[in-house]
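Chemist: Sharing a structure, written as structure tokens. Questions coming.
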């Protein structure tokens, strides 16, 4: 025990003497050795998903998907808006390059409805009597066989005339007794006719005439390129008659346009001052009837004069034959 203690006590003295013997040597401090092992730090970036709002469109819908190391973008194939909503559904097919495209959308127009019926054939029993009254007092009365003539286009760029006759049993009457402007409307399957009349109180005698007419008709003529026909004319002065009289004509034709004509057969019309109980006033013949009557009267007069001349000539010859020469 004493020996180790002595060694411990003598240690510093020996070290001090050594320092004095070697003044040029530096002291070295020994540190315990250890090993540093670098630790790899793994950083994992969590993928971030962003959703971009899409807007509903009526055209093609294209969905783009882009994939990267940190960001993934998804465009939903179906988008529904909560306003005036239109829902577009896209069918996406898988691809390998990260882009999916829906097929092109096609817009199909509405299928045309069934064609309107063919024009009605002519019939002798198609004479209709159409009356509109203000209470118990009639103001417009029309009696006629009504037929519509239409010049319609056909295949090949040509045109043809089509004729359709109104059926009185399938025609509804409406109208108005508006002072000096009465009117009459005839509604029938797939069409309508409107007659507008005007009184001329400044003329002597006062008259009433047709000043406006419109027609709208849906009809399927043979090989026709269209079905709907419309025309109107607001500058007419037709079917004119004195107030209190009815306009009478065997065949009155009204031209609404170069392609739409209206024929009124066996016509009798009165649009003002009708007698009670739906009767017509005295008949006023149309110009066509008057133009035929005047040549007939002139012809009969000439024939009568010629007959008188022949009779006078025969009498003169007979008197001359009774005298005998001396």
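Each residue, glycine too, has its Cβ placed from N, Cα and C.
Relevant sequence annotations retrieved from Swiss-Prot are reproduced here:
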- 21-291: topological domain 'Extracellular' (TOPO_DOM)
- 44-49: repeat '1-1' (REPEAT)
- 50-64: repeat '2-1' (REPEAT)
- 59-69: compositional bias 'Polar residues' (COMPBIAS)
- 65-72: repeat '1-2' (REPEAT)
- 73-88: repeat '2-2' (REPEAT)
- 81-108: compositional bias 'Polar residues' (COMPBIAS)
- 111-120: compositional bias 'Pro residues' (COMPBIAS)
- 139-177: disulfide bond (DISULFID)
- 249-286: disulfide bond (DISULFID)
- 292-316: transmembrane segment (TRANSMEM)
Chemist: Given the disulfide-bonded residues 139, 177, 249, 286, which one has the fewest other C-beta atoms within 10 angstroms of its C-beta?
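Modeler: Each of the disulfide-bonded residues 139, 177, 249, 286 was scored; lowest Cβ tally within 10 Å is 177.
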Chemist: To the nearest whole angstrom, what is the C-alpha distance linking residue 286 (disulfide bond) and residue 177 (disulfide bond)?
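Modeler: That separation, Cα to Cα, works out to 24 Å.
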Chemist: Using Cα coordinates, what distance in whole Å links residue 177 (disulfide bond) and residue 249 (disulfide bond)?
Modeler: 24
